[in-house]
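Chemist: Structure incoming, see below.
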Amino acid sequence: MPQSMEAPILFIISSIPNLLSFFIFFLIIYLIAYFIIFPSWKPKLRPEASSCIISFFHGTPAVFFALISLLSDPARDFHAPNTPFQNIVLDYSISYFLMDLTHYLIFYPRDVLFIGHHLATLFVFVTCRYVVYHGAYAILVLLILAEVTSFVQNTWTLANARKADVEFAAKVYGLLSPPFYVFYSLVRGIAGPYFVYKMISCYVSGAADNVIPRWVWVSWVFVVVTAISVSILWVSNNWVELYRERSRKFERKVR
């Protein structure tokens with residue numbers, strides 16, 4: 001085998017223990033959630049609730065891990081080589097999305113939007129981690145922006161799932177919705193687009209062409225812009241629904 005091909009293959013093989021360990025970690029949490037935490041929930045809700053639990057164990061930890069890995073890297077730019085710690089964070093997220101993708105393929109195989117989202121996200125992480133070995137700064141900042149709202153979003157999702165039959169869940173959903181939508185809107189509607197603009201400006205300048213092929217960063221930009229656009233549409237629809245709910249309640253009080 002030529003030496004030029006041997007190094008990347010050995011690099012991938014050496015990462016398999018991390019990927020496997022993290023995947024098993026998320027699988028165990030999912031099974032505990034499904035069979036121990038939510039056994040009394042309706043069959044339609046148990047998979048979604050279990051997915052939220054593994055998201056709890058990925059989102060906030062990934063934000064802290066990514067932040068530490070970035071702060072410990074003196075070369076923080078869009079084309080810097082990935083550090084070993086950054087690669088571990090990428091492996092952690094790759095394993096989570098593989099586990100959650102498995103969940104969707106088993107329980108929601110027709111949910112094309114989420115399956116497509118997970119496949120596209122995995123493409124970005126895998127190419128950064130195992131194809132170009134550069135650009136983790138950009139990908140991990142985007143990971144932080146994507147996951148910084150996950151704790152609140154998962155809590156909101158669980159409350160939303162039970163608001164119809166649990167009074168406490170309905171109260172949590174009602175109290176949490178406005179601040180959650182504000183937080184989500186600021187992150188996805190302002191911070192995210194601004195960072196993507198900086199990212200595109202760097203890549204278009206050609207500063208990363210020697211280490212990140214054009215087709216790779218163009219693909220990254222396409223995936224990220226699409227994801228942000230869908231997120232903005234999603235939160236916009238939720239704002240409209242919140243307004244309608246509050247309007248109906250106000251009309252009932254007036255009557």
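Cβ coordinates are placed from backbone N, Cα and C, and glycine is handled just like the others.
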Chemist: Of 53-72, 113-132, which span is tagged transmembrane segment by TrEMBL?
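Modeler: From TrEMBL, the annotated transmembrane segment range turns out to be 53-72.
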Chemist: Residues sitting near the transmembrane segment (138-159): Cβ under 8 Å, six or more positions beyond its termini, same chain?
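Modeler: Apart from its flanks, the transmembrane segment (138-159) reaches 48-49, 52-53, 55-56, 58-60, 62-63, 66-67, 69-70, 78, 86, 89-90, 93, 124-125, 128, 169-170, 172-173, 176-177, 179-180, 183-184, 187-188, 191-192, 195-196, 199, 220, 224, 227.
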Chemist: Report, as numbers and ranges, which residues of the same chain sit near the transmembrane segment (180-197): CB under 8 Å and 6 or more residues beyond its ends.
Modeler: 141-142, 145, 148-149, 152-153, 156, 221, 224-225, 228, 231-232, 235, 238-239, 242
Chemist: The transmembrane segment (53-72): which same-chain residues, six or more beyond its ends, come within Cβ distance under 8 Å?
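Modeler: Contacts of the transmembrane segment (53-72) (Cβ under 8 Å, skipping residues fewer than 6 from its ends): 25-26, 29-30, 32-33, 37, 83, 85-86, 88-89, 92-93, 96, 99-100, 103, 136-137, 140-141, 143-144, 147-148, 150-151, 154.
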Chemist: Which sequence positions outside the transmembrane segment (217-240), separated from its termini by at least 6 residues, show Cβ-Cβ distances below 8 Å to it?
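Modeler: Long-range Cβ neighbours of the transmembrane segment (217-240): 113, 117, 120-121, 123-124, 127-128, 135, 138-139, 142, 146, 177, 181, 184-185, 188-189, 192-193, 196, 199-200, 203, 208.
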